[in-house]
Amino acid sequence: MSSGVMYYLTTVLVYAGVDIMACIALNLQFGVAGLVNFGFILFQAAGAYAAAVLSMPPEAANGGFQQYVLGLRLPFPLPWLGGAAAGGLLAVPIGLVVLRRLRSDYQAIALLVISVIANTMITNVRPFLNGAAGLSLVPPPLGDLVNANSAGYQWLYVGLTALGCGVVLAAATRIVESPFGRTLRAMREREPAAAALGKNLVMLKMVMFIAGGVIAGLSGAVLVGFIGVWAPATWLYPETIVLFAALIVGGRGNNLGALLGALLVPVGFEEVTRFIPQVGPPGLIPALQWVAIGLLIIGFLWFRPRGTLPERRRVFADPPPAGTPNQSESNSRQMLPPSDRSRPLLAAEGVKRRFEGLRAVDGVSLEVVPGRITGLIGPNGAGKSTLLAVLAGTLPASAGRILLGGADVTRLPAYRRAQWGLVRTFQLSSEFAQLTVLENLLVAVPRHRGDSLAGALRGKAYWWADERPAVLRARALLARFGMSAQESEYAGTLSGGQKRLVEIMRALMLGPRVLLLDEPMAGVHPSLVEEIAACLERLRDEGLAILMVEHELSMVDRLCDPVIVMAQGQVIGRGSMTVLRRQREIVDAYLAG
Ligand code: ADP
Ligand code: MG
């Protein structure tokens, strides 16, 4: 092999490794967790700069021709680890600003803006990282042991890069294949439903923001060690777009798709277009490259939206291999002190919820006691769904108090209330569409060992003991509701009624103490309505406290006592159906209509 070819080949391989790591990081954030990080390149840049200044000697050693901070001259692999740490650390303040308050589309824009501002600042503040000129003479890793200009060194670097890729891919695989990965995908599919099942969305996003930042930082460190120079002009936001294009082409949600995308777009596409002869005015070919990348994104989104290697559908083995059962799983209902049946588990005191000027809920007080199904009826727009959302924490209350097991939870977010055993379903189908039916149920399992980043990274051997009983319990529920055959189907492909059932089963998987159901039987096949009713009666007799919005009065007659009637945001009557039927204004307002 001529040395020219060898240098070219090793260079392409190292770039491929860097792009693979970056794409895997972006896949964890965007493909799996649904975080649109348009500032991704900033984290790669941070890792590169950190690795550079950690490995470079103090400023003065080079005659002071460039200005920068640190200059610690640390030996390999410390600069790489430092680069990874820098990417992760940078994610903390940015995540705290962006991920807590903003809705996800604004998050994306904020991240884009932050990356542009950061670039402008780095370019213009010279003492920090030498400004627009950037850094050069970054020492090659292990350069004091191996002659960095030799062919052997080139291949050594390829080997180190491959090692980095291997570690990143292994970690990413563990995350994606774990219950934690399942939770991330549920969040991606439908945030309010994930929160209603006890998932702390801000925390999940933060963790993935940092994890992605760490990998991005490492990839930057690998790159800067290889090329030895780095300048802010190469860290512009369009590079992020190239990585998104790679994911869309390769297949988001699938680590191998991310890997393939990295090889196809940033590496393959750019290498191929490099050989196009120079025609037209200077800058024409690079501009056309951008056009082509845009077309590639549009083309894939149009014709193959899930990419070349789509996210895999997860089918569970039957029966699952044995493991030691974990007791936290089976006792999930013991979270609140055992309550006697007369004391309300859930109470609202003067709860109000306004939308702009509209008083959707206007001073509602009610109690939900264990061992009973409390009905909530009223005409369309009465505020029933809004009340349920406020009780569950999906929407904050404008005024009033909410007590759960005697404790004031008015200020607690939805996921905390869910962890205390308050679970709601939604009036509109809110299945996790790209998760299978079984996975939809498994998402709800509380305190699963594999449902954290640390647990996921420890691998299947660590968390399988919690997975097995969860799968068995989910299958028992599926059998009870006659949905075993749909176990491995994507929930998004089910009928409206089946989606409803999935939601109810999912709520039950959590082991709730209080269940808030918003029209659970709407759109469900009559034969299954009976099954749901029987199930609710059983849960009621077991001591569950249930609040149910229902339209079908015969069902309310059969199941609910007491019944609360709402109209225009207020409670206009309460009591048993027999009593309510005797009240003229209630009959006029609702029962007659
Ligand atoms: P119900 O479930 O009893 O049919 P809702 O609670 O859905 O009633 O709605 C009560 C009122 O609040 C309606 O007038 C509805 O238009 C309004 N509303 C509900 N959600 C919102 C929202 N997110 N923004 C503005 N208005 C809303
Ligand atoms: Mg409603």
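For all residues, glycine too, the Cβ spot is worked out from N, Cα and C.
The annotation transmembrane segment is assigned in TrEMBL to 6-28 (among others). Long-range contacts of the transmembrane segment (6-28) within its own chain (CB-CB distance under 8 A, at least 6 residues past either end) are made by residues 37, 40, 43-44, 151, 154-155, 157-158, 161-162, 164-165, 168-169, 172, 175-176, 184, 208, 211-216, 218-220, 222-223, 226, 243-244, 246-247, 250, 252-255, 257-259, 261-263, 266-267, 271.
Note on the transmembrane segment (35-56): residues 22, 25-26, 29, 62, 68-74, 76, 78-80, 82-87, 90-91, 94, 104-105, 107-109, 111-112, 114-115, 118-119, 122, 129, 135, 137-139, 141, 205, 208-209, 212-213, 216-221, 223-225, 230, 232, 235-237, 239-240, 243 of its chain, located 6 or more positions outside it, place their CB under 8 angstroms from a CB of the stretch. Annotated transmembrane segment per TrEMBL: 35-56 (among others), in sequence order.
Here TrEMBL flags 76-99 (among others) as transmembrane segment.
Counting same-chain residues at least six beyond the ends of the transmembrane segment (106-125), those with a Cβ under 8 angstroms from any Cβ of the stretch are 35-42, 45, 49, 94, 97-99, 131-132, 232-233, 235-237, 240. If you look up TrEMBL, you'll see 106-125 (among others) marked as transmembrane segment.
Taken from TrEMBL, the feature transmembrane segment applies to 155-176 (among others). Long-range neighbours of the transmembrane segment (155-176) within the same chain, counting only residues 6 or more positions beyond its ends whose Cβ lies under 8 Å from a Cβ of the stretch, are 10, 13-14, 17-18, 20-21, 24-25, 27-28, 32, 80, 140-142, 146, 184, 211, 215, 218-219, 222, 225-226, 253, 255, 259, 453, 456-460.
The transmembrane segment annotation in TrEMBL covers 207-229 (among others).
Annotation source TrEMBL lists transmembrane segment at 283-303 (among others).
Residues or ranges marked as region 'Disordered' by TrEMBL: 313-341.
The compositional bias 'Polar residues' feature in TrEMBL is assigned to 324-334.
Per TrEMBL, the feature domain 'ABC transporter' maps to 346-593.
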